[in-house]
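Worksheet: one structure, shown below.
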Amino acid sequence: MLRIPVRKALVGLSKSPKGCVRTTATAASNLIEVFVDGQSVMVEPGTTVLQACEKVGMQIPRFCYHERLSVAGNCRMCLVEIEKAPKVVAACAMPVMKGWNILTNSEKSKKAREGVMELLLANHPLDCPICDQGGECDLQDQSMMFGNDRSRFLEGKRAVEDKNIGPLVKTIMTRCIQCTRCIRFASEIAGVDDLGTTGRGNDMQVGTYIEKMFMSELSGNIIDICPVGALTSKPYAFTARPWETRKTESIDVMDAVGSNIVVSTRTGEVMRILPRMHEDINEEWISDKTRFAYDGLKRQRLTEPMVRNEKGLLTYTSWEDALSRVAGMLQSFQGKDVAAIAGGLVDAEALVALKDLLNRVDSDTLCTEEVFPTAGAGTDLRSNYLLNTTIAGVEEADVVLLVGTNPRFEAPLFNARIRKSWLHNDLKVALIGSPVDLTYTYDHLGDSPKILQDIASGSHPFSQVLKEAKKPMVVLGSSALQRNDGAAILAAFSSIAQKIRMTSGVTGDWKVMNILHRIASQVAALDLGYKPGVEAIRKNPPRLLFLLGADGGCITRQDLPKDCFIIYQGHHGDVGAPIADVILPGAAYTEKSATYVNTEGRAQQTKVAVTPPGLAREDWKIIRALSEIAGVTLPYDTLDQVRNRLEEVSPNLVRYDDIEGANYFQQANELSKLVNQQLLADPLVPPQLTIKDFYMTDSISRASQTMAKCVKAVTEGAQAVEEPSIC
């Protein structure tokens, strides 16, 4: 795959990396003066006319231009007049020159836009009443603002056959205006060259040439950037209008990136999920699982408490009965006879409440499903388990070493950042692990974990590359630590990071060592002192086990005593609920105000978008009620009080949208030398090798029919998925 040459002057494609500050004197000396409707503005050389206009607050209409994509200049809607110039110019593609006076609202500019709009509408169908883009359509808005008030077109309009590009994106290509935003997104951001144009003139069409599924984990973003109704959401088709929905700003929990989202709801139901801008995390993109798995929120839900009767069947009961049974068992067992496992979608408030409850019955056996080595520094030092360079920090790096991970499917937005830096900043990438398609070229160093020791000792050729790097990153996937030699892998990895800091030109504030987590709850659980992995429970099986959203299948009935009493608290009847003796229905992430900490250690909040179904309640409230009935009342009654408790245990958990610097790398490396360094010969194989492994990874996405359709389409082809006959 060839790298795309990029004009460095374009905003969005060449933003200065975070932390890099240009001196004021140098910048000021390079500025040139131009005028926008007579108003003076100082801009850098190479700035386009459109960017200069935006700098003074003048909005120029556009369809093909997008801040994060290369310039195409297809639509011509941004035509403006330059004083004394013979013709109007395309503002998105024309760099300004000193002394230019740009006339955005002159008669010449208006006539040019009206002409362009008339040509765009000549073949555009009058579908607005049935188009899902209605109400948020750029063509609607701009035709009202900049178009003519009458039509001169009397001939027939062209018709284009719709394309089937999978179960997520609905295509009505007669509406397409050939802006090529989707093509540029696929090629530049997603790194998948599936979309392109065929034909020319009136016969030009956008599609996949050979009809096939648009195979990308970021494919849904072409819906957002399409300025018309040519590309819309299949699951959302004909369900709601944008002005009918209530929008709630929230956080995604489908992975550990913590993408910012907007949850659109109507009549107590999630209608769709859209991205929300956050430059340091997801920019303005989200993954397909984040966007489309929401239908899993209304399927296989636990809506009422359940208990197992004398026949061994789970039956519905009241909250009073369920909590009384659990409280009675809590009063019967103490200490090591009580244990808990937290799942991947649990919020920090529920984690601290469960921790306090078990501590009050003299138990500290609190585990997570995900394993993380505790030998050496383990989880005692926060820098040992965070993505310390930060997600946005990838854009500053010059070398990235990926170990035992497939970031394309484990953390799609992190992978998109790597691709962005590879494309624009000549980033060099290397991989230790199974060869996978990462949407960018990389040096495959092998799949043996022993390569880590070779790099650490300096005997591997890539050691020299890391030594010469100014801002290197080494990224270890948490999936590589699930192995029996996870501690040795982490020790070797830590040794590489520390050696780079000592021998290369790394500055003091640059972080080299990074752990890429896969699940949303892991960092908060480690911050609160949970033990990673369930080995402690397997060695000393408890008499009472509390499963808090634990649906990873990390423990079964066979691992526990026959008389072990199991409580499951969660929102889906997935893996954990069927083995439980009592089920307490909890709330999903769209139904509660909760705290999650992403892989870089950034605390963020979800907000209540809809109420929990049936009798389900927020997790921390259930645990608080249980503690009162059990006679070990927890000292908080409100959400604010729970968060005060969070602050007592780990202050960073309530410093929202902030990253606390972690600086104990040298100490962690010294402690790692005490670890058994024996590595296994087994190759490093990430669990999500292909896109088929990406779609269904947790209880919500496994309950989603849309995600099931995606798996079927990938396996059998897009034609295998039957879609309802709709317009």
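Cβ atoms here come from the backbone N, Cα and C positions, even for glycine.
Fair warning: this is a prediction, and the values are worked out from it, not measured in the lab.
Taken from Swiss-Prot, the feature [2Fe-2S] cluster binding site covers Cys64, Cys75, Cys78, Cys92, and the record attributes it to similarity to another entry. Residues annotated as [4Fe-4S] cluster 2 binding site in Swiss-Prot: Cys176, Cys179, Cys182, Cys226. What Swiss-Prot lists as domain '4Fe-4S His(Cys)3-ligated-type' is 108-147. Residues annotated as domain '4Fe-4S Mo/W bis-MGD-type' in Swiss-Prot: 245-301. Swiss-Prot lists 1-23 with the feature transit peptide.
For Cys226 ([4Fe-4S] cluster 2 binding site), the nearest neighbour among the binding-site residues Cys64, Cys75, Cys78, Cys92, judged by Cα separation, is Cys64.
Checked against Cys176 ([4Fe-4S] cluster 2 binding site) by C-alpha proximity, the binding-site residues Cys64, Cys78, Cys92 yield Cys64 as the nearest.
Excluding the listed site residues Cys64, Cys75, Cys78, Cys92, the same chain places Arg62, Phe63, Tyr65, Ala72, Gly73, Asn74, Arg76, Met77, Ala90, Ala91, Ala93, Cys179 with Cβ atoms within 8 Å of the centre of the [2Fe-2S] cluster site Cβ atoms. Other than Cys176, Cys179, Cys182, Cys226, the residues of this chain whose Cβ falls within 8 Å of the Cβ centroid of the [4Fe-4S] cluster 2 site are, in sequence order, Ile177, Gln178, Thr180, Arg181, Val206, Ile222, Ile225, Pro227, Val228, Ala230, Leu231. In the three-state DSSP assignment, the secondary structure recorded for Cys179 ([4Fe-4S] cluster 2 binding site) is coil. Long-range Cβ neighbours of Cys64 ([2Fe-2S] cluster binding site) (same chain, at least 6 residues apart, Cβ-Cβ under 8 Å): Ala72, Gly73, Asn74, Cys75, Met77, Cys92, Cys179, Thr180, Arg181.
Within 10 Å of the Cβ of Cys176 ([4Fe-4S] cluster 2 binding site) there are 24 other Cβ atoms, across all protein chains. The two recorded residues, Cys78 ([2Fe-2S] cluster binding site) and Cys182 ([4Fe-4S] cluster 2 binding site), have Cα atoms 19 Å apart.
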